[in-house]
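Everything on this sheet refers to the single structure shown next.
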């Protein structure tokens, strides 16, 4: 019993250590730019610095430690976190939640795409800016070096991070220890800054500066960027490991670093351009720049991988067009590479660096995207707390208090819309337009298939009455998600009068859960004599490999005929959309053309389901929009 307990603790510590290299990269590198961004708004004096440090301290405690690690962690979807997981929880409890949930989910995914561009840009740029602290003459190399690092960062995505990923956690542990020590060395020279832990200084700051204090909130919010990753990566590491890593390593190191920067600027009230790098002694500065660059590369890798993961899930749920998915590891099923998304993120990130030129300028664009993402999480978890947990009024009031605090941060970020904050909003809007257009087109296809279902119902009767001649063999028909029970393929059979002796229609169902246990994965329905419909249920985080699933299915699902696996013929549908000039419900003409373009360029079923090329027949179907 004792050995089992020791083993469990070791596993937990091992997971906590691994989480340092993935979960805390983004929030862990915020000290590079966050404090310097905050102090530029007001004169440096005791009251202002104490007020700022108090706001930083209580923001990390209330929003990250309490909201995320205590409340939001309760809203996991079978151990999985993130916006799609939250939406899945709501769909499980509220059968028809309405269009509002789709809207919030699509906006959230759009913001994540923007985050995937902004995080690498501001993180790596802020690290390379340390060259200016080394020598002002090196300032001209900041942009070229940043762009070179970003080029290789996105270039390496296609080969995966399996071999070098083992070094992420050790590097981040060294990073946290280093920034904690550097901050502590400044605090012991000016320990009075620890008084800022008292919330009085945060309240007093607002009483002195009144509405002007809202401007500071936009900067203070930067210390929490990356906080949403704690929940998004829940499925990889678990609650205990993330909580241990946060409270034992990340949070203490961050607080020491921020308070150390506060102590430093109070002792040196002259203009300090980069307070973070000023913490380091001159002899250690080159090492610090290298370490900061490595840490920001790791943080950027984490957000890129998260973007790949969330968009893969969105693709499975048909929220976006099907994407080419490359699995970069034989051992880690979650390691995926999306070539198109990688290109978009790389282009967007490098463009942001060239346009804004400094981390200080980029900070205005960065905070508002993460702020909106956190607000969406708060709203969704609030709905779950009310509808699923049956929280009473007092607990709901606590959650409303958190929402009010986050809305105050959002108010502080609104002035940044004019200085770059509009960029993540634009990215999210463009992403929303793509996803909503795809959704509308998909629903139109469902409507057309429902109409065909009424036309083809007579086929079932004829099959049951043996009025249709059949040829020997077996046909395996893969049904698209918009085709509930294979109406389009039945329509093809009706026109061509080609009926196999045994026909199996396979429908893929993506559920609102991350994983589906093997015993619940398959569902068999006999539609007619020799005609079967099989549903294969997947979770939204699972990888689809249809031939492998069919092997497992034939072992578990009884069929009254023999299946010769190497002679299986797969039938799939290729959709062609023909436009009409009419505006239809929820779709403008430009949306119909855009949907037609997307469906033509989406990854075909044969690749998406990983079907064998030599044993697959594609059937083209035209639909008039």
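Going from the start of the chain as shown, residues are counted 1 onward.
Note that Cβ sites are derived from N, Cα and C of the backbone, with glycine treated the same way.
A quick note: this is a predicted structure, and the numbers were derived from the prediction, not measured.
Given the ranges 284-304, 305-325, the record in Swiss-Prot names 284-304 as transmembrane segment. Long-range contacts of the transmembrane segment (365-385) within the same chain, counting only residues at least 6 positions beyond its ends with a Cβ under 8 Å from a Cβ of the stretch, are 63, 67, 71-72, 75, 83, 86-87, 89-90, 93, 104, 107-108, 111-112, 114-115, 118-119, 122, 218-219, 221-222, 224-228, 231, 352, 356, 391, 395-396, 399-400, 402-403, 406-407, 409-410, 413-414, 416-417, 420-425, 427-428.
Proximity of the transmembrane segment (212-232) to the transmembrane segment (98-118) is not established, fewer than 3 Cβ-Cβ distances being under 8 Å for residue pairs spaced 6 or more apart.
Among the stretches 15-35, 52-72, 134-154, 284-304, the one making the largest number of Cβ pairs under 8 Å with the transmembrane segment (336-356) is 134-154. Taking Cβ pairs closer than 8 Å, the transmembrane segment (15-35) reaches residues 52, 56, 64, 119, 122-123, 126-127, 165, 167-173, 175-176, 179, 219-220, 222-227, 229-230, 233, 236-238, 240-242, 244-246, 248-250, 253-254, 257-258, 261-262, 275-276, 292, 295-296, 298-303, 305, 359-360, 363 in its own chain, all 6 or more past its ends.
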